[in-house]
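Q: Before I ask anything, let me first share the structure, which is written out below as structure tokens.
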Amino acid sequence: MPNPSSTSSPYPLPEEIRNLLADVETFVADILKGENLSKKAKEKRESLIKKIKDVKSIYLQEFQDKGDAEDGEEYDDPFAGPPDTISLASERYDKDDEAPSDGAQFPPIAAQDLPFVLKAGYLEKRRKDHSFLGFEWQKRWCALSKTVFYYYGSDKDKQQKGEFAIDGYSVRMNNTLRKDGKKDCCFEISAPDKRIYQFTAASPKDAEEWVQQLKFVLQDMESDIIPEDYDERGELYDDVDHPLPISNPLTSSQPIDDEIYEELPEEEEDSAPVKVEEQRKMSQDSVHHTSGDKSTDYANFYQGLWDCTGAFSDELSFKRGDVIYILSKEYNRYGWWVGEMKGAIGLVPKAYIMEMYDI
């Protein structure tokens, strides 16, 4: 056992040991830092931190170029192995998670004030570490607001730690980022000549949901299909160049609405309210044929404003923030639309939902 008082390493520190110390210090110094620990656990944490510092003092030669773990200065690891995909990509990581975003492109905004949040939750974000670890994973509250990805220390933060516009990026699952039990929970957002952002979700399912939501927005941004124009109330404007595929009545007291319905193919539109149940079934049978363009039908995605429990079997029940895809607005005059959520189709009160995207 080397003498702790020595100022240089008696022999090179094996890479496996350095990697182990990296994991231990990340867990003890960072992950446990914000946890509510018992007195005994806090004492043990401080003891482990001290032991790690002792090891660094013993192997001073190997760590002298890495600087103090708390000074925030960057370094290059002279003992790093041959470059691989991950190490090369790391040069494009967010080098300082606490620094302002690139070019101060977006103004500071509190996490609770973000508009049109499509997906939010806690993730572990990979970044360049400032100690001898090389890399670290830090817990961040992340949110996709419209087409901008924000990350915060917590969902109560008044200002983001960073953000980036996802335009031009691609997203994919990546199980090579970790070797522990969370390897199947990882995904990355990347683009040529831009920083790579890599995250770990709480579960593989959560990671897949992040990937699918990001892909949906990215595909919509790249699509040449222009969604139908809606006013602020979510009602459809008349298109003078093309006939409407289904009946979408305007909320208006003008009697000309009935004439519009009669000109459309669906004759059932003018049926009396007593036949609504039959129309509902026909509508729900037909909407399956119109949902194929869902990935690009940006304007028909809504989210719940309040919790709503359906009174009948043909009505959807949903919570505040739930994503609902609107399949039909043919019952607009009654205040109901036909929507789909998690594979279930039913009637949705339009007063209980709002547009997900600001078009």
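Every residue gets a Cβ built from N, Cα and C, even glycine.
Copying in the features that Swiss-Prot gives for the protein in this structure:
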- 275-293: compositional bias 'Basic and acidic residues' (COMPBIAS)
- 116-219: domain 'PH' (DOMAIN)
- 297-358: domain 'SH3' (DOMAIN)
- Ser5: phosphoserine (MOD_RES)
- Ser6: phosphoserine (MOD_RES)
- Ser9: phosphoserine (MOD_RES)
- Tyr75: phosphotyrosine (MOD_RES)
- Ser87: phosphoserine (MOD_RES)
- Ser90: phosphoserine (MOD_RES)
- Tyr151: phosphotyrosine (MOD_RES)
- Tyr197: phosphotyrosine (MOD_RES)
- Ser223: phosphoserine (MOD_RES)
- Tyr261: phosphotyrosine (MOD_RES)
- Ser283: phosphoserine (MOD_RES)
- Ser286: phosphoserine (MOD_RES)
- 14-64: region 'Homodimerization' (REGION)
- 66-88: region 'Disordered' (REGION)
- 264-293: region 'Disordered' (REGION)
Q: Summarise the model confidence on the domain 'SH3' (297-358) as a single mean pLDDT, whole number.
A: 84
Q: To the nearest Å, how far is the Cα of Tyr151 (phosphotyrosine) from the Cα of Tyr197 (phosphotyrosine)?
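A: About 11 Å separate the Cα atoms of these two residues.
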Q: Could you tell me how many residues in the region 'Homodimerization' (14-64) are helical, how many are strand and how many are coil under DSSP?
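A: Within the region 'Homodimerization' (14-64) the tally stands at 41 helix, 0 strand, 10 coil.
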